[in-house]
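Student: Have a look at this one.
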Amino acid sequence: MNDFGHFAKSHGPKLVPFLVTLVLYFSLVRKDPQGELWTTVLKCLPIFALVFYVVAKGISLKKEYRRSLWILLGLVFSSGGDALLNINLFPFGMISFGVAHVFYISAFGWKPVKWFIGLVLYVAVSFFVYFVHTKLDEILIIGVPIYCFLITTMLWRSLARAVDSRNFLAVFCAIGAILFVISDALIAVTMFVGVPLPCARLQIMITYYAAQFAIALSTADDGPALQRSFRKKIK
C-alpha cells in the first residue's frame with residue numbers, strides 16, 4: 001500500500017467526527033447566530049472533533065509528541081474563542097484566539113528563522129493596522145494590533161517550517177495558516193471597515209474550519225520515527 005493509502009486508512013476514520021460536525025453546523029446554522037446556546041455548541045463541535053483527532057491518532061507527554069500537545073492546546077483555546085465570539089464577547093474571544101496562536105507558534109518552532117518572510121509579513125500587517133486603527137474603540141485599539149502581531153507570527157513560523165521541510169503535512173499546515181489569516185481578514189473588513197461581503201459568515205467559517213483542519217492534520221507524523229509514514233517530499 002502506498003503512503004497516501006496507508007495514511008487515509010490510518011487517519012481517515014479519526015476524522016469522520018470532524019466531517020459530521022461540519023455538516024451539522026452548515027446544515028443547521030442558516031443565518032448569523034445571535035448568541036444562542038445551540039449555535040454556540042454547533043460552532044465549537046468541529047474544533048472539539050479536531051481535538052478528538054489529535055488525541056485519537058496518538059499523543060503523550062513525550063518529546064516526540066510536543067507539537068501535538070501545543071496544537072491540542074491551541075485548538076482548546078480556539079474553541080473558547082469560538083464560543084466567546086458567538087455570544088458577542090469579541091474582545092475576550094480575541095484574547096482566547098491570541099493564546100491559541102501562542103501555542104501554534106510554539107508548535108511550529110523557531111528554526112529555521114527565515115527573517116525575510118517575517119519582515120515582509122510584519123510590514124504588510126503594519127499597514128493593515130494603520131489603516132483600521134481609527135475605526136477601533138478604546139479596548140480594540142490595543143487588542144487588535146497585539147492579535148495581528150500574534151497571528152502574523154504564527155503565519156511566519158508555519159511558512160518558515162514549510163519552506164525548510166517541504167513535506168506534505170508542513171506545506172498543508174502553512175496553507176492552513178494562510179487560510180486562518182484570510183478568515184480573520186474577512187472578519188476585519190466586515191466588522192471594522194464595513195465592507196458588505198456576500199455570504200460573509202460562510203466565507204469566514206469555511207476558511208476558518210479549513211485552516212484548523214490543516215493545522216490539526218499536521219500532527220499526523222508526530223511520534224516515534226517508525227510511526228511517521230507520511231513524510232513524502234513535495235518536489
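Each residue, glycine too, has its Cβ placed from N, Cα and C.
As listed in TrEMBL for this protein:
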type     : residues : note
TRANSMEM : 12-29    : transmembrane segment
TRANSMEM : 35-56    : transmembrane segment
TRANSMEM : 68-85    : transmembrane segment
TRANSMEM : 91-108   : transmembrane segment
TRANSMEM : 115-133  : transmembrane segment
TRANSMEM : 139-156  : transmembrane segment
TRANSMEM : 168-194  : transmembrane segment
TRANSMEM : 206-226  : transmembrane segment
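Help me see these features in their spatial surroundings.
Tutor: Sequence-distant neighbours of the transmembrane segment (12-29) (same chain, 6+ residues past either end, Cβ-Cβ under 8 Å): 39, 42-43, 45-46, 48-50, 52-53, 56-57, 202, 205, 209, 213, 217.
Here the transmembrane segment (68-85) has Cβ contacts under 8 Å with residues 40, 43-44, 47-48, 50-51, 54-55, 58-59, 61, 92-97, 99-101, 103-104, 106-107, 212, 215-216, 218-219, 222 of the same chain, all six or more residues outside its ends.
Residues 141, 144-145, 148-149, 152-153, 155-156, 159-160, 163, 185, 188, 192-193 of the same chain, all 6+ positions outside the transmembrane segment (115-133), place their C-beta atoms under 8 angstroms from a C-beta of that stretch.
If you look at the transmembrane segment (139-156), the same-chain residues 6 or more away from its ends with a CB under 8 A from one of its CBs are 90-91, 94-95, 97-98, 101-102, 104-105, 108, 114, 117-118, 121-122, 124-125, 128-129, 132-133, 177-178, 180-181, 184, 192.
Sequence-remote contacts of a segment are chain residues at least 6 beyond its ends whose Cβ falls under 8 Å from one of its Cβ atoms, and for the transmembrane segment (206-226) they are 7, 11, 15, 18, 22, 46-47, 50, 53-54, 57-59, 64-65, 67-68, 71, 74-75, 78, 104, 158, 167, 169-170, 172-173, 175-180, 182-183, 186.
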Student: What parts of the chain pack near the transmembrane segment (91-108), using Cβ distances under 8 Å and only residues at least 6 beyond its ends?
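Tutor: For the transmembrane segment (91-108), the far contacts come to 66-67, 70-71, 73-78, 80-85, 139-140, 143-144, 146-147, 150-151, 153-154, 157-158, 160-161, 173, 177, 215.
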Student: Which bits of the chain, at least 6 residues beyond where the transmembrane segment (35-56) starts or stops, bring a Cβ under 8 A of a Cβ in it?
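Tutor: Residues packing against the transmembrane segment (35-56) from afar: 11, 14-15, 17-18, 20-22, 24-25, 28-29, 68, 71-72, 75-76, 78-79, 82-83, 86-88, 205, 209, 212-213, 216-217, 219.
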